[in-house]
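Noted in TrEMBL for the protein shown:
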DOMAIN    A:6-25  domain '4Fe-4S ferredoxin-type'
DOMAIN    A:46-77  domain '4Fe-4S ferredoxin-type'
DOMAIN    A:78-108  domain '4Fe-4S ferredoxin-type'
Ligand code: SF4
Ligand code: SF4
Ligand code: SF4
């Protein structure tokens with residue numbers, strides 16, 4: 001592969017909630033059957049806005065810093081990997097601490113698994129599964145030049161603020177030109193932080209702070 | 001007699017639908033595939049390119065096909081998970097013959113002989129047309145052509161029609177009237193060049209997800225997006241203008257938009273006067289159709305109609321797309337013509353970035369309707385009543401005119417004739433009317449009255465349960481062929497694997513039946529390509545001319561657009577570039593489409609509108625998608641969407657079980673309260689059968705020209721379910737998620 005650096009971009013407004021990303025992610029060799037990408041309804045009952053969430057691959061990952069077993073490693077490409085099997089004690093700290101709600105503790109194998117930006121594919125010059133299939137371009141993998149040229153009405157940023165915590169991420173999100181930082185005001189703990197508050201912040205003009213829910217089964221009433 | 005003798009749960013237990021989660025190799029470490037087969041998704045009209053991973057004669061997964069130009073690897077969840085149907089435990093692997101209360105397995109000779117002898121007996125006693133055939137356009141071009149020839153020559157019946165009758169016939173009829181050709185006018189590649197994109201009655205984001213990318217490409221370049229839909233669909237959510245009109249009022253909106261174009265001089269005088277006929281009459285017909293008048297009918301502000309007219313009228317380039325939302329009406333053809341008028345009035349057609357088209361819903365909805373399994377058509381989109389057209393086909397088929405049946409009944413008319421006792425035998429391939437036909441109860445009664453019923457399918461569809469003989473056929477990935485995408489691009493479908501067990505390729509089944517019906521001489525085909533080559537000759541000189549398209553070219557060029565009259569011809573991605581229509585005078589026809597109400601509108605007894613449509617997780621009648629766990633989990637069963645204001649008025653709460661009733665039936669489903677729908681309208685997706693079929697409620701009223709049923713408008717009422725209804729609904733929903741053993 002050439003030295004071209006390709007990045008991951010999320011453009012929330014395009015997402016149609018189709019879950020092709022999750023369907024494709026679950027086909028991955030490393031975590032077969034279990035999607036690592038989440039698609040959340042931002043304001044159920046109000047809007048069909050959905051927010052896809054892959055691992056943001058933080059420069060200083062919260063999941064890794066709270067891991068008591070030092071099981072989460074960042075590689076030279078800035079990819080934050082699933083926990084190292086021999087070290088992981090499946091304590092769930094990472095799952096709770098990740099501001100983006102990414103890690104999943106897989107109890108059957110006593111290990112945390114997470115989106116590794118399809119390391120097996122990207123290291124072979126391919127795109128991640130989700131960004132390959134996403135029918136809208138809500139998930140995009142390519143160079144900064146490509147995204148700048150293709151989407152002149154928005155720009156990519158990778159700076160976040162969660163309450164007082166500031167985070168820089170390898171994955172970028174597309175925002176209007178006058179936005180420089182994604183600010184997420186954290187609600188009280190029992191209101192469900194993480195993905196809930198996050199998704200709410202993501203929907204530009206989200207109408208109220210109602211917690212989102214997994215855009216999933218319709219018939220939970222049963 | 002084809003009454004169900006067993007409770008439905010018994011059929012489900014035996015034949016499914018069961019949901020299956022895992023690939024045939026399980027979720028453990030994935031074996032390296034032996035080969036990747038470049039083919040297409042078997043579902044919607046996008047026909048996205050995809051590679052199937054094959055290992056030891058089994059499909060074990062998919063790989064995006066990024067080189068295929070239309071979708072460049074993009075897929076929707078159906079396309080990603082479709083491979084799980086191939087080796088699904090529900091696959092039919094042996095012919096089945098009705099015996100006692102159920103079915104018994106049989107050999108092919110016995111089953112095929114029985115079908116042939118029953119067909120002959122019914123036809124001997126009651127005439128050729130008393131045996132009908134229904135078909136589907138998920139079939140390849142080759143199979144569609146073969147079905148047309150089979151019904152007319154082997155069965156000798158006029159009564160052949162297809163499920164495209166529920167898909168694109170209104171669009172086809174409107175296109176033929178206005179343009180003299182039934183095809184999308186531009187390739188999807190023209191969408192990004194458009195300054196304004198108007199989507200009328202098309203939930204692109206759920207029904208054609210991969211087309212969304214093209215719309216965003218246009219928007220990235222500054223295009224405005226207008227969406228006309230009673231619901232705020234995922235694509236409407238971000239639109240610049242969303243006209244949430246009352247179901248069934250599209251033609252009033254179209255007239256008011258045209259009124260505004262005229263009033264503000266936003267039309268192309270030269271184009272409408274030189275290139276079109278009927279401008280004066282059309283103009284006069286909208287004189288009094290002000291935005292205020294339409295706003296009243298459509299239930300939207302007049303100011304919004306003015307904004308939309310200005311956005312459309314002042315654009316330099318544009319693309320107008322529509323689908324079932326405007327077409328599935330008793331005024332479907334008029335709605336289509338009204339939209340075409342908006343395109344023609346501005347003269348924005350036949351150029352780069354100036355486009356128009358219907359988005360065909362079914363996999364091969366475009367190709368399937370061109371090659372003759374429609375009751376009034378012969379291959380090449382020829383007219384079965386036109387003497388010259390008949391002659392061409394008679395010559396290719398080496399028959400006399402007397403041997404070629406004439407125009408037969410349309411789908412709903414066939415079912416009505418069965419019900420009335422005029423048709424006694426039926427052969428059905430790739431069509432599931434127990435889900436997709438309007439007025440399910442009536443359809444059931446009709447099927448129960450058949451003297452003999454044979455179904456060719458790969459799964460036991462809800463319709464197949466009523467059959468006397470079920471013949472296990474093949475999937476998309478089990479037979480070579482071509483299909484024609486919604487942009488009229490002919491693409492190559494490849495066989496990745498063999499049909500399972502004793503199942504056979506559909507083509508083999510039809511050829512064997514033809515032989516047993518004594519017509520072997522007309523059906524000597526050695527391969528799918530052989531059939532395609534005859535199709536090319538049959539289509540030559542017709543509007544849908546495939547003469548210059550070969551398998552080799554389709555593979556090399558990654559698809560060829562028809563018309564393509566000779567092998568040296570490049571194909572025709574964009575129509576009308578010379579400013580001429582396909583009518584003999586070369587003119588585009590402008591036809592007035594005065595507003596009239598739908599067949600059934602709300603009244604005191606049934607005060608609400610009911611409209612129906614699709615979910616992104618299911619394809620049509622769900623025979624395939626209701627068997628794949630990922631899709632079933634995301635959308636296990638029908639729900640009723642309702643606006644919070646209406647729910648408050650009716651005293652209903654989110655997720656409660658409600659009963660929706662119309663004059664034809666009732667359905668009990670969970671309620672989903674959403675602000676994304678009009679407060680006078682409820683929505684139901686239609687992918688489920690029997691007691692969960694939205695079509696229990698729909699009206700069996702037809703467009704007078706296209707014979708399309710009015711799936712999009714019915715008058716209904718909604719109330720809390722009774723305890724008995726709720727218990728029943730719970731057990732039905734529980735069955736929907738039956739795991740495969
Ligand atoms: S595939 Fe793309 S559009 Fe579909 S849910 Fe995922 S991010 Fe959203
Ligand atoms: S990058 Fe790969 S692992 Fe991460 S969410 Fe996308 S498909 Fe899944
Ligand atoms: S269903 Fe349609 S949009 Fe989805 S993958 Fe298949 S062809 Fe593409």
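If you go along the chain as it appears here, the first residue is 1 and each next one adds 1.
Backbone N, Cα and C atoms are what each Cβ position is placed from, and that goes for glycine too.
Please treat TrEMBL annotations as automatic predictions, because they have not gone through curation.
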Surrounding residues of the domain '4Fe-4S ferredoxin-type' (A:6-25) on its own chain - C-beta under 8 Å, 6+ positions past either end: 31, 35-39, 41, 48-54, 57, 115, 117, 122, 127-144, 147, 151, 154, 156, 170-174, 202-204, 215
For the domain '4Fe-4S ferredoxin-type' (A:6-25), residues assigned helix / strand / coil by DSSP: 9 helix, 4 strand, 7 coil
Long-range neighbours of the domain '4Fe-4S ferredoxin-type' (A:78-108), counting only residues six or more past its ends (CB under 8 A): 30-31, 34, 36, 38, 53-59, 61-72, 114-117, 119, 122, 160, 162, 165, 167, 170, 184, 193-195, 198
Residues in the domain '4Fe-4S ferredoxin-type' (A:78-108) grouped by DSSP into helix, strand and remaining coil: 7 helix, 4 strand, 20 coil
Local confidence of the prediction over the domain '4Fe-4S ferredoxin-type' (A:46-77), expressed as mean pLDDT: 93
Helix, strand and coil residues within the domain '4Fe-4S ferredoxin-type' (A:46-77) as assigned by DSSP: 4 helix, 6 strand, 22 coil
